[in-house]
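> The following feature annotations were taken from Swiss-Prot:
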type     : residues       : note
TRANSMEM : 70-93          : transmembrane segment
TRANSMEM : 156-179        : transmembrane segment
TRANSMEM : 195-219        : transmembrane segment
TRANSMEM : 291-309        : transmembrane segment
TRANSMEM : 346-369        : transmembrane segment
TRANSMEM : 385-411        : transmembrane segment
TRANSMEM : 433-455        : transmembrane segment
TRANSMEM : 531-549        : transmembrane segment
BINDING  : CYS573, CYS582 : [4Fe-4S] cluster binding site
TRANSMEM : 589-610        : transmembrane segment
TRANSMEM : 664-686        : transmembrane segment
BINDING  : HIS675         : chlorophyll a' binding site
BINDING  : MET683, TYR691 : chlorophyll a binding site
BINDING  : TRP692         : phylloquinone binding site
TRANSMEM : 724-744        : transmembrane segment
Amino acid sequence: MIIRSPEPEVKIVVDRDPVKTSFEEWARPGHFSRTLAKGPDTTTWIWNLHADAHDFDSHTGDLEEISRKVFSAHFGQLSIIFLWLSGMYFHGARFSNYEAWLSDPTHIGPSAQVVWPIVGQEILNGDVGGGFRGIQITSGFFQLWRASGITSELQLYCTAIGALVFAALMLFAGWFHYHKAAPKLAWFQDVESMLNHHLAGLLGLGSLSWAGHQIHVSLPINQFLDAGVDPKEIPLPHEFILNRDLLAQLYPSFAEGATPFFTLNWSKYAEFLTFRGGLDPVTGGLWLTDIAHHHLAIAILFLIAGHMYRTNWGIGHGLKDILEAHKGPFTGQGHKGLYEILTTSWHAQLSLNLAMLGSTTIVVAHHMYSMPPYPYLATDYGTQLSLFTHHMWIGGFLIVGAAAHAAIFMVRDYDPTTRYNDLLDRVLRHRDAIISHLNWVCIFLGFHSFGLYIHNDTMSALGRPQDMFSDTAIQLQPIFAQWVQNIHATAPGVTAPGATTSTSLTWGGGELVAVGGKVALLPIPLGTADFLVHHIHAFTIHVTVLILLKGVLFARSSRLIPDKANLGFRFPCDGPGRGGTCQVSAWDHVFLGLFWMYNAISVVIFHFSWKMQSDVWGTISDQGVVTHITGGNFAQSSITINGWLRDFLWAQASQVIQSYGSSLSAYGLFFLGAHFVWAFSLMFLFSGRGYWQELIESIVWAHNKLKVAPATQPRALSIIQGRAVGVTHYLLGGIATTWAFFLARIIAVG
């Protein structure tokens, strides 16, 4: 038994009125920095103002003050999120065809934006069905609202107003907890209390309340909707909540109330807490009763998890003990010291959170189509494509952010003198081995994955299809992926005897699900084409990781620049007289990593878009014959680079290129404009700073001649500013181009 000294009691301590509220301060740009507060001498001032406004580390070195600023900023962020949500719900209430869509979701498209007739813009209001003209939306809000049990635009109005109230509340909380009652540092560092509250409160009670809402409101309302009852005839949510007999008509066990729960006769609740698997054939979404069951189960798990950590009662886990006990035979001191790192460096903490949240977001992208959670989501191809693309991009950005903050931690917060032989130290000591091996893997993957395509292009050009890698010639079947698919397809009755169907139709085995003559989902076959593009995914992901990881591991020092830590997180070069030392800062690795993240995600969303159009999405005739959008051409066309260019990019761009004069013409303009934004980025990425400074000086000379020179001297962008502007426009242009290409295509053919 471990004897430990009694822990200090956890008390919530705040400082009263620590910082006075001052509008004068607010109105003075750069008030947080002595240099910036003086005002501009040159145009560089405005860049530094933007770079440092939210870099709280540069305002003060006091961890408590930094923590309070971050905490307060989080409330501001939540306020903006509530405002945005309120806007979404308001559009649904004021400008949408939600009620019409609800009555006939298979023939009417979702729209929540009607363009005013100014200079002919009303051409954008396409016919979405049911006599409504507007812009077709692909956000999935209609499907989400239906799943929540929202049946009228009035309910959307009320929710929008509620969200505004919460936005105001959050704004107030941000001010209050910085200016009136600011928590002490000890409060921010009390990880056990934080874990208990977040796990039991946010996740546990949050899931429980959602499960309760689903059982008492969503399930009965969706039951009526699925049966074709007019939304106006359906009882209102509060009637279901207050009147148990109403629910008992749909689910008889409701008449017994909580008795089965306390008598452990839980199977009585199996009417509305199911374990079916698969999709509801009426809506093409997961069974809402499965989803309610899932949230109830998750709630129980998190409520238990929220009681595991030791606070004032002397029982439970201590995070520090867990981390320090975490060592194996080959890991030296293991995680000793990690507790101190994560409670004093918010960059280290944020880095872990971003990495996990980014990975989770990408997992969400893959589940939204394979297990579509909301009714009529699976047959809304535009929304399916948008949700996948959106979650992939977001996940990519979050993971790059994880590397960025890990590197900032290394430069600003890592103290090498106190770390010896723990896991982080051991990783840093053999970083050369890690990076050189990773580099070898990248070279191997790059040559081999691309080489397979080049081989196919060459054989195709020489007219030798029998010598190509394809399903009909030299097969490279993804046998491991097919094995995983098969395990999951055969799980019901074998490894998961309680389930009636497998978790997802995509595994195989089952029949397809079609709603209103459109395919919702079917078993997805994998072949040589998928094997090839999968290895391109492996290649681009490994290169992204190589760049980002090198940036983190060499953030403080390298053979080239041993004192890199003294130069900071971002610097252009190691000073004059040190040639070949540009683009070595940790910031530059993030900059370069962003381009490879963009490459990686682009290939993923292209693969998804084409694969789904070729092998999944389409129509089904009365005889049961499925006609896919691109007729199953993925397997034979995507095995050459030429096929990707000709049969995917070029063939599917026809809708966006020919969109002029139609309701999709805005996408044509965006396609053009975003290409322009992307090209504009190259001007910054390939620029020579001196060239612009010379040009500026001759323009300033002309202004002086005419006596119209400004007091603030113009300066060319610094090297890092130029790169920042360049990568921003590169990503913005590239993503918006892809967005216009995808949506014009899928709205036209889907």
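Residue numbering: from 1, along the chain as shown.
Cβ coordinates come from backbone N, Cα and C, glycine included.
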> What residues elsewhere in the chain lie close to the transmembrane segment (531-549), defined as a C-beta under 8 angstroms and at least 6 residues from its ends?
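Residues 399-400, 403, 434-435, 438-439, 441-442, 445-446, 448-450, 452-453, 456, 469, 476-478, 481, 589-590, 592-593, 596-597, 599-600, 603-604, 607, 638-639 contact the transmembrane segment (531-549) from elsewhere in the chain.
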> Measure from the Cα of MET683 (chlorophyll a binding site) to the Cα of every one of the binding-site residues CYS573, CYS582, HIS675, TRP692, then give the nearest.
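Nearest candidate: TRP692.
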> Please report the distance from the Cα of CYS573 ([4Fe-4S] cluster binding site) to the Cα of HIS675 (chlorophyll a' binding site), rounded to the nearest angstrom.
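Answer for this pair: 31 Å between alpha carbons.
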> Measure from the CA atom of HIS675 (chlorophyll a' binding site) to the CA atom of CYS582 ([4Fe-4S] cluster binding site) and give the result in Å, rounded to a whole number.
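Here the two Cα atoms are 29 Å apart.
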> Out of 156-179, 433-455, 589-610, which stretch has the largest tally of CB pairs under 8 angstroms to the transmembrane segment (385-411)?
589-610
> Sort out the residues at least 6 away from either end of the transmembrane segment (433-455), same chain, that have Cβ-Cβ distances under 8 Å to it, and list them.
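Residues packing against the transmembrane segment (433-455) from afar: 427, 468-469, 476, 532, 535-536, 538-539, 542-543, 545-546, 549-550, 553-554, 639-641.
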> Counting only residues 6+ away from its ends, which parts of the chain sit with a Cβ under 8 Å from the transmembrane segment (664-686)?
123-124, 126, 135, 655-658, 717, 722-723, 725-730, 732-737, 739-741, 743-744, 747-748
> Who are the chain neighbours of the transmembrane segment (291-309) in space, where the CB to CB distance is under 8 Å and they lie at least 6 residues beyond its ends?
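Distal contacts: 147, 191-193, 195-201, 203-208, 210-211, 214-215, 218-219, 272-275, 316-319, 373.
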> Mind telling me which of the binding-site residues CYS573, CYS582 has the densest Cβ neighbourhood, counting other Cβ atoms within 10 Å?
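Checking each of CYS573, CYS582, the winner is CYS573.
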